[in-house]
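Visitor: One structure, pasted below without further comment.
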Amino acid sequence: MAVKWTGGHSSPVLCLNASKEGLLASGAEGGDLTAWGEDGTPLGHTRFQGADDVTSVLFSPSCPTKLYASHGETISVLDVRSLKDSLDHFHVNEEEINCLSLNQTENLLASADDSGAIKILDLENKKVIRSLKRHSNICSSVAFRPQRPQSLVSCGLDMQVMLWSLQKARPLWITNLQEDETEEMEGPQSPGQLLNPALAHSISVASCGNIFSCGAEDGKVRIFRVMGVKCEQELGFKGHTSGVSQVCFLPESYLLLTGGNDGKITLWDANSEVEKKQKSPTKRTHRKKPKRGTCTKQGGNTNASVTDEEEHGNILPKLNIEHGEKVNWLLGTKIKGHQNILVADQTSCISVYPLNEF
């Protein structure tokens, strides 16, 4: 059972982040921002003027009390010890910001917005050094690659995933998730599958910097490998029965958390699955499509009409959590030395699940 952190918000929580020193921050609808201690006690709270939703929060790794928060078109820089007073703020995006990402050297901050643009802010000189405009719809998620401070990946509701280098204003590589799935989508469909286009909601890069994952509205989880100036899809599997709202690699591992609109949270071992695929002599594009079965999944209350093995394309999850609420944000972090999953959903509380076995 999850431990519930309450008392910090009165509206749905939209985003979470943790500092290296155990502080946590959460942003919610209506401009609410709360800081938490490791025991789930609210330590501070502020409400931004304008009451725009707080869509992304991000601690500075080198200065654990410094916090970045996006609300509306604004990025605020705060001291978590005194949230009422902003240290600085930037208004560089023209539409609502959906996601923030810091590069590893902490001199650049990326902000992705509803216009599809990604603004790259030089934090030392306090000015925009790049405006990356290639997404034709909302840019939902952006992430700098660890160990590569000039490289980032992004995804959006235009169903596109992009690899960028800040040396260039154009993406190095683009894939359209819907087009790439055309061949695989042939054959029998599960109910409602055709109604869900591959709108990309969330992106996460593993600590190595070369493996990243994307979650989309079609319920699929895709894992890519960066190969120089292009990427290759290593895996693509049906991870959820409805849209995948969140993907999140655990720190220093290839364990991948995914959360969906189906109210489920799942843990996958991306590394072992990629290794298995590489050892298989069958090319991805020519693999047999699994036959649909009528078995229900073991150990879960589900109406899925396919077996676990078939639904995930022979990829079995390490852990399944029936959370029961649409997942807004997932965070894997250590609390008091133990790995935990923190979940923000449509409620005003934060759910904490221990990951003792890992």
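Using the three backbone atoms N, Cα and C, a Cβ is placed for every residue, glycine included.
Not measured: the values here are computed from a predicted model.
Residues or ranges marked as repeat 'WD 1' in Swiss-Prot: 1-38. What Swiss-Prot lists as repeat 'WD 2' is 43-80. For 85-123, the entry in Swiss-Prot reads repeat 'WD 3'. Look at Swiss-Prot and you will find 127-166 tagged as repeat 'WD 4'. What Swiss-Prot lists as repeat 'WD 5' is 173-225. For 232-270, the entry in Swiss-Prot reads repeat 'WD 6'. The annotation region 'Disordered' is assigned in Swiss-Prot to 273-311. What Swiss-Prot records for 279-294 is compositional bias 'Basic residues'. Under the heading compositional bias 'Polar residues', Swiss-Prot lists 295-306. Among the features that Swiss-Prot reports, repeat 'WD 7' is placed at 314-355.
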Visitor: Quickly jot the same-chain residues contacting the repeat 'WD 3' (85-123) by Cβ under 8 Å, restricted to those at least six beyond its ends, or write none.
Guide: 52-53, 55-58, 60-62, 66, 68, 70-79, 129-144, 146-150, 152, 154, 156, 158, 164, 166
Visitor: Given the repeat 'WD 1' (1-38), which of the listed stretches 127-166, 232-270, 314-355 has the most Cβ pairs that are under 8 Å apart from it?
Guide: 314-355
Visitor: With pairs restricted to those 6 or more apart in sequence, evaluate whether the repeat 'WD 6' (232-270) and the repeat 'WD 2' (43-80) have 3+ C-beta pairs under 8 Å.
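Guide: Per Cβ check, the repeat 'WD 6' (232-270) does not touch the repeat 'WD 2' (43-80).
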Visitor: Please work out the mean pLDDT for the residues of the repeat 'WD 1' (1-38).
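Guide: Per the prediction, mean pLDDT sits at 97 for the repeat 'WD 1' (1-38).
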